[in-house]
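The structure appears right after this line, and notes come after that.
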């Protein structure tokens, strides 16, 4: 059996390809010779849309793949927390023994790092907890709330250090002439400069090492939280470098460098608190992700076969997780199952190439065809009308035309309506008597098409296909 097309709807190639895929996927090979789908797919144009090779990208398997990296990420956070605790104690003791404001300020910064690392670890654990009934969209917001609390603490700590540093700086500057004339300075006791320098240099080295370790792990897992924590380690290294300048100034007798370095460190802390708080507030109010950050995801979508375009790509963050919404455009004449398959493959490709995406909501739109109507009667369906009722009315009209005018010539087997750009397009499959010639069928089909377009003003195009199936 087969199908003879009297009027081919655009695009022809994809219509045939759709039938071909459905026959290859769901029909056994032994029945291919008698299948109407096989005959229709025997076109010389080879379809290019193949789903059978891609079905192995299962959604559950994907999540199992990233369970082990989650454990590795937790180890990285624990390492950072341990290092911050050790550095906080070492800097506090060194700053007290050496009398260095810069080192004490850096120690206070390290104490805030301990809290930050602890919250990051807890947030990382909470963010990786599976979804449940109470949290159907995951637990990423817990991480955001923790970051907002940390930003408030950073602002308070930085402001206190700045106040203390300004007080010491004013004292140092007012006492500077007397220090110069007396030849005496209130710098670090010469019994402790090596201790101060050693601890400060060790802090810089450890923090820079943590930066590279965390950065590599973050890039490997695609974790935004780990990447942010890595840059936080680097900012700590820079603040320790500033403290090193203050220690050097105190050793040389330049008293104002020590509180000045503490003031610079406090500025860095306040800046980090402002940035963290701003980002957290944006996440809590579901601010949109910048378009340039979504461009790689857009390219991934457009590379999928069967996707003719995408629009309304938008995203929001919940901690280190990214949630997406996107509309993809597919062939308007593909079946529901094929269009769904295209959407699922887009989802799998996004999860495969962008692990930071926790969930993506895909809406499937048909590609609009460019066609012109011959009369003004073929206007778009008004928004107030019920589309389902309109389609039922059109189907009833078509049935009446065939039963009243063509009952002895053609019999309707199936009516498939398409709604494109507020226009109704009809695909009608008919059967003919065995005694009727093909030429007579073509004449009858042309007559039916004209009558349908005349009786149904909402119909813009009609395609009548002849089925040779005897059943």
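Each residue, glycine too, has its Cβ placed from N, Cα and C.
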Which listed span Swiss-Prot calls transmembrane segment, if the choices are 39-59, 102-122, 123-143: 102-122
Annotated stretch (transmembrane segment, per Swiss-Prot) among the listed ranges 237-257, 258-278, 279-299: 237-257
Residues flagged as transmembrane segment in Swiss-Prot, choosing from 4-24, 172-192, 193-213: 193-213
Recorded membrane side (Swiss-Prot) equal for residue 71 and residue 334: no
Helix-strand-coil residue split for the topological domain 'Cytoplasmic' (445-471), DSSP-based: 11 helix, 9 strand, 7 coil
Highest-contact recorded stretch vs the transmembrane segment (193-213), from 79-99, 145-165, 424-444, CB pairs under 8 Å: 79-99
For the topological domain 'Cytoplasmic' (123-144), the mean pLDDT of the predicted model: 82
Long-range environment of the topological domain 'Cytoplasmic' (214-236) - Cβ separation under 8 angstroms, sequence gap at least 6: 66, 69-70, 72-73, 76-77, 80, 109-110, 113, 116-117, 120, 123-124, 127, 143, 203, 207-208, 268, 272, 317, 319-320, 322, 354-356
